Amino acid sequence: MNSIEKKQLLGLDLNQMEEFLLGLEEPRFRGRQVYKWIYQKECSSFYEMSDLPRSLRKKLDEKARVSIPRVLKQRVGKDGSRKFLMELDDKKKIECVLLPQSRDKKSSYTLCLSTQVGCPIACSFCATGQSGFQRNLKAFEIIGQYLGSKKELSKRLKSPRAELISNVVYMGMGEPLLNYDEVIKSVHMLNDPRGINLGQRRITISTSGEVAGIKKLAQENIQLTLAISLHACDNSLRDQLIPLNRKYPLEVLFPAIEDYIAFTGRRVTFEYLLLDEVNMSRNDANKMVKLLKPLLANLNLIPYNEIEGLPFKKPETAKIWQFYQWLQDGGLNVSIREERGSDINAACGQLRSDYRR
């Protein structure tokens with residue numbers, strides 16, 4: 001039996017895993033054992049599953065596979081950030097990033113996951129969209145980024161600690177809510193207490209404003225954080241920066257956000273890239289205060305990370321703090337995101353499906 005015909009076990013939930021083992025004429029508890037080996041120990045080799053009978057390991061090797069994406073290359077930034085170039089079964093390539101929670105390089109990490117190969121949104125400031133869109137990722141490929149990153153991190157830091165990755169953000173390559181079903185499936189897999197056991201409130205899904213997905217997410221009863229990539233507070237500018245705004249302009253997007261907050265009771269995070277001489281005027285600040293002040297919301301300001309071939313520039317520090325002060329004076333709950341990973345092109349908007357530097 002070749003690898004194409006083998007059953008992909010990565011991506012199965014516990015019930016599905018147990019049913020698969022029952023189909024191999026094995027007791028149900030063997031499914032629980034295999035499930036733990038995959039999701040708690042990042043194990044992709046059946047022969048390393050030491051508490052399984054040798055005969056079962058051989059049977060699994062003949063009939064199943066666990067395809068954790070292969071790490072082709074890793075880059076480590078000065079701040080301890082780690083960017084992984086990973087290869088999928090069909091040779092497509094994606095990137096994901098581990099960001100340290102603090103600069104001591106000994107803390108836990110936030111993992112930034114990709115959900116698509118490329119991105120169809122084609123935001124004008126973003127490296128990912130410049131490469132075009134190829135396909136959606138399956139849930140097992142999304143979870144595989146978590147398992148592959150954690151395995152690599154544990155190996156390099158020589159630490160098996162389960163808490164090495166304490167938070168997950170769906171902010172890598174792609175628009176998560178355009179791959180809705182697979183993303184939500186991966187969220188449930190991350191959260192499963194019998195497997196990875198990552199708390200729902202440690203998970204963030206970021207969207208450029210996919211209103212249909214926001215409406216569906218409000219019905220899921222998942223206590224995650226929704227982040228909105230805003231970047232402009234009027235339609236004319238946002239149309240230029242985020243083409244999706246032409247489908248879902250602000251007067252459509254914000255009622256959906258208000259409904260989401262009302263239905264879930266969860267605070268929404270807004271992300272705002274600071275683009276020098278583009279979206280940082282006093283008028284921009286006033287518009288943002290008017291939009292966000294009525295909402296249960298946090299605002300993260302993100303100084304732009306410059307990308308070769310794109311015209312946008314990072315603002316000077318004084319301009320950043322002036323804009324911050326206007327927003328704070330307007331009564332917003334605002335913070336400036338500390339830069340992570342920019343020296344290895346791993347910061348916001350810098351991910352591609354290859355290494356160009």
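Cβ coordinates come from backbone N, Cα and C, glycine included.
Under the heading active site, proton acceptor, Swiss-Prot lists Glu95. Reduced to three states, the DSSP call for Glu95 (active site, proton acceptor) is strand. Cβ-based neighbour count (10 Å, all protein chains) for Glu95 (active site, proton acceptor) stands at 25.
The domain 'Radical SAM core' annotation in Swiss-Prot covers 105-343.
Within 10 Å of the Cβ of Cys112 (disulfide bond) there are 29 other Cβ atoms, across all protein chains. As annotated by Swiss-Prot, disulfide bond applies to Cys112-Cys348.
A sphere of 10 angstroms centred on the C-beta of Cys123 ([4Fe-4S] cluster binding site) encloses 22 other C-beta atoms. According to Swiss-Prot, the [4Fe-4S] cluster binding site annotation covers Cys119, Cys123, Cys126, on the basis of sequence analysis.
Per Swiss-Prot, the feature S-adenosyl-L-methionine binding site maps to Gly174, Glu175, Ser206, Ser229, Leu230, His231, Asn305; the stated evidence is sequence analysis. Residues within less than 8 Å, Cβ to Cβ, of Glu175 (S-adenosyl-L-methionine binding site) and separated from it by at least 6 positions along the same chain comprise Thr115, Gln116, Cys119, Pro120, Ile121, Thr207, Ser208, Glu210, Leu244. According to DSSP, Glu175 (S-adenosyl-L-methionine binding site) sits in a coil region rather than a helix or strand.
Taken from Swiss-Prot, the feature active site, S-methylcysteine intermediate applies to Cys348.
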Within 10 Å of Cys112 (disulfide bond), Cα to Cα, which of the recorded positions Glu95, Cys123, Ser229, Leu230, His231 are there? Glu95
C-alpha of Cys123 ([4Fe-4S] cluster binding site) to C-alpha of His231 (S-adenosyl-L-methionine binding site): distance in Å? 11
Just counting, how many other CB atoms are there within 10 A of the CB of Asn305 (S-adenosyl-L-methionine binding site)? 21
Between His231 (S-adenosyl-L-methionine binding site) and Glu95 (active site, proton acceptor), find the distance joining the two CA atoms and give it rounded to the nearest Å. 23
Pairwise CA distances across Gly174, Glu175, Ser206, Ser229, Leu230, His231, Asn305 (listed as binding S-adenosyl-L-methionine) top out, in Å, at 19
